[in-house]
Amino acid sequence: MSSALEELQKDLEEVKVLLEKATRKRVRDALTAEKSKIETEMKNKMQQKSQRKAELTENEKPAAVVAPITTGYTVKISNYGWDQSDKFVKIYITLPGVHQVPAESVQVNFTERSFDLLVKNLNGKSYSMIVNNLLKPISVEGSSKKVKTDTVLILCRKKAENTRWDYLTQVEKECKEKEKPSYDTETDPSEGLMNVLKKIYEDGDDDMKRTINKAWVESREKQAKGDTDF
């Protein structure tokens with residue numbers, strides 16, 4: 001394009017020279033018209049050149065850098081509360097500000113014996129809670145979640161309505177049952193006491209065993225003498 005402009009510039013200068021020398025009106029009018037034509041063409045060429053330069057400059061600009069949305073690390077939720085009605089087991093999770101995040105940022109997936117909660121990008125963090133081995137089966141279709149002020153409420157629909165859950169999970173049930181005394185509370189109280197003493201004796205050290213043996217001998221001697229204070 002620079003070469004074309006240069007040629008037009010030379011044509012314009014030559015027309016100007018001829019126009020200065022021309023004396024006849026018809027010739028001068030023709031040269032004046034040609035001069036205007038060349039000037040207009042030069043103006044258009046220059047505008048096109050400027051436009052292309054601007055486009056090249058715009059294309060050379062670096063693309064805007066969009067900062068990635070980070071959700072930080074994931075916090076495992078361990079604190080929660082739960083209760084139940086005839087139809088639902090209700091799990092309450094307290095998360096300050098959770099009601100302010102977009103609805104799609106709070107996700108809960110259900111299976112017949114589990115659920116998992118994921119809250120994304122809450123104050124720069126994600127929060128996760130996975131509960132497996134629910135005590136009893138739940139209805140996946142009938143289960144849901146609700147987001148309230150600073151709280152996520154998970155509603156697990158009982159498959160068998162009007163049944164009571166003593167524990168939330170099977171694991172919790174097994175742990176609690178292991179903590180119960182080994183003797184049967186429905187048996188005779190004296191038998192239960194003997195079982196307790198037997199367990200203490202088996203688990204105790206030598207001093208404990210000597211103490212129990214001594215108490216046992218003294219008790220037997222008193223019973224032989226008719227003393228029933230023991």
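For all residues, glycine too, the Cβ spot is worked out from N, Cα and C.
Over in Swiss-Prot, the protein carries these features:
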type	residues	note
DOMAIN	75-169	domain 'CS'
DOMAIN	170-230	domain 'SGS'
MOD_RES	SER3	phosphoserine
MOD_RES	LYS10	N6-acetyllysine
MOD_RES	LYS21	N6-acetyllysine
MOD_RES	SER36	phosphoserine
MOD_RES	LYS87	N6-acetyllysine
MOD_RES	LYS120	N6-acetyllysine
REGION	1-82	region 'Interaction with SIAH1'
REGION	38-59	region 'Disordered'
REGION	75-230	region 'Interaction with SKP1'
REGION	156-230	region 'Interaction with S100A6'
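Counting other C-beta atoms within 10 Å of each candidate's C-beta, the modified residues SER3, SER36 are led by SER36. By the criterion of other Cβ atoms within 10 Å of the residue's own Cβ, the least surrounded of the modified residues LYS87, LYS120 is LYS87. Of all the modified residues listed here (LYS21, SER36, LYS120), LYS120 has the Cα closest to the Cα of LYS87 (N6-acetyllysine). As a summary of secondary structure, the region 'Disordered' (38-59) carries 22 helix, 0 strand, 0 coil according to DSSP. Shown for the domain 'CS' (75-169): DSSP residue counts in helix, strand and coil, namely 6 helix, 56 strand, 33 coil. Inclusion criterion for the modified residues LYS10, LYS21, SER36, LYS120: a C-alpha placed within 10 angstroms of the C-alpha of SER3 (phosphoserine); this criterion is met by none of them. LYS10 (N6-acetyllysine) counts 11 other C-beta atoms within 10 Å of its own C-beta, drawing on all protein chains shown.
Other C-beta atoms found within 10 angstroms of the C-beta of LYS21 (N6-acetyllysine) number 9, with every protein chain shown included. LYS21 (N6-acetyllysine) is 18 Å away from SER36 (phosphoserine) when you measure Cα to Cα. Taking the Cα atom of each, LYS21 (N6-acetyllysine) and LYS10 (N6-acetyllysine) are about 17 angstrom apart.
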